[in-house]
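Colleague: Handing you a structure now.
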Amino acid sequence: MATDPSPQIPMRASSKRSNNSIHPVDVETPPVRTPTPIIYREIKHFKKWIPWLVPAFVVANTVMFIITMYVNNCPKNSVSCVADFLGRFSFQPFKENPLLGPSSATLLKMGALHVKEVVDGDQGWRLITCNWLHGGVFHLLANMLSLLVIGIRLEREFGFIRVGLIYIISGFGGSLMSALFLQSNISVGASGALFGILGCMLSELITNWTIYANKVASFVTLLVIIAVNLAVGILPHVDNFAHIGGFLTGFLLGFVFLIRPQFGWVSQRYAPPGHSSSARPKFKKYQCILWAVSLILVIVGLSLGLVMLLRGVNANDHCSWCHYLSCVPTSRWSCNTEPAYCSSTQLGSQVNVTCSTNGRTTTYFLPGASSSKIQSLCSQQCS
C-alpha cells in the first residue's frame, strides 16, 4: 500500500462528545542543529601561483640574442655568412660558430664573461650579463625549452620572488666558478641558472621530505636527470664549471627559500574555532638545521669565490685534476679550447693569415680587409 510521506503529528480527541473537533497535541519539537558552515580559505603556504616570471626570462633571453645578432652584423664583419637572406642577422660560418650564432668578439662586446676583463678591467658586471647571452640558436633553444619545462612548475608552486632569486643567484654562482677555473675563454649562457633550478628542486624534495608521496621515485628520477646533464658537460666547448657552480648554489638556496611548514602545523593553524589540539612546530628540526647551514655556506662560498677571483687566483693551481670536471680528453676530441691567435700580413688586397696554434697559413684575396674580418678568418683558420 502507498504510504503518506508527510510527517505524522500525534493527535488526541476531545473528552466532550458534543464537540467532535480534533486538536493536535502540543508537542515540543527538539531543536534542530544547523551544521557549522564550512569556510574555505586558501592556505597561503601551499597556494598556486600564476607563472609569469619564467616566460619573461625566456622573452628577455630571446630579445638579447636578437640584439646580439643585430650588433654582430655578419655581412659587414665577416668574409662569409650562413643564411645570407637574413641580412645583418645572418650567422657566422659553421667553422667559426657551429651553434648558428655571432662571433666571439661580438659576444665579448655584449658582456660575455672573460676573466681578464673582470679582473684587470674592473668589469665585474660580466658575471651577471653573461647569463643573458647565448652562443647560437641551438644554445638558446636548448636552454629556454629546459627553463620552460622545469621553471614554470617551480614558479607555480613557490612564486616568482623565490624562483627569481634562485635563478639569478645561481647564475652568478655558476659564473663565479667558471671564472675561477676557465680563465682563457669567454663564457655565455643561462646554463648555470638552469642547473641552479635543478639543484633547488632536489633540495626542496629533501627538506620537505615528510610531506611528499612517492618521494623515493621522485628522488631517483631527479638524480638521474641531474647526472645525465652533468655528464654532457665533459664534452669539449661546454662550460661544465658553470653547471656545477650553478647547481651547488641552487641546491643550497633550495634549503633556504623552498622550505615548507609541516601539515600538522598547517592543519592546526587553519582549524575551525573551538578545535583544540597539542601545539605542533611549524618546521621539523632537520629543516631548521639545513636552512641555517645552507644560508651560511651560500654567503661564505660566494663571498670567498668573489674575493679569490678579484685577487687573480687560478683555481686550477690548487686542484690539479679539477679540469677533468669540464672536459675529459679522448681519441675522438681534444680539450684544448684556447682562443685563436693569428698573425697576418697584408699586401694590397692580399691577406696572409697564420694560426699560431696549428701553424696553418692561408692566403685570402680580401679588398678592404678590416680587423673584424681578419679575426673571423683567424677563427676559421684555427678551427
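Placement of Cβ uses the backbone N, Cα and C atoms for every residue, glycine included.
Quick paste from TrEMBL:
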- 1-29: region 'Disordered' (REGION)
- 49-70: transmembrane segment (TRANSMEM)
- 123-258: domain 'Peptidase S54 rhomboid' (DOMAIN)
- 132-152: transmembrane segment (TRANSMEM)
- 164-182: transmembrane segment (TRANSMEM)
- 188-209: transmembrane segment (TRANSMEM)
- 216-235: transmembrane segment (TRANSMEM)
- 241-259: transmembrane segment (TRANSMEM)
- 288-310: transmembrane segment (TRANSMEM)
Colleague: Thinking of Cβ pairs under 8 Å, which stretch from 49-70, 132-152, 216-235, 288-310 has the most of them with the transmembrane segment (188-209)?
Modeller: 132-152
Colleague: Would you mind listing the long-range same-chain contacts of the transmembrane segment (216-235), meaning Cβ under 8 Å and 6+ residues beyond its ends?
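Modeller: For the transmembrane segment (216-235), the list is 195, 198-199, 201-202, 205-206, 243-244, 247, 324-328, 333.
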Colleague: Where DSSP helix means H, G or I and strand means E or B, what are the helix, strand and coil counts for the domain 'Peptidase S54 rhomboid' (123-258)?
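Modeller: Tallied per class, the domain 'Peptidase S54 rhomboid' (123-258) gives 107 helix, 1 strand, 28 coil.
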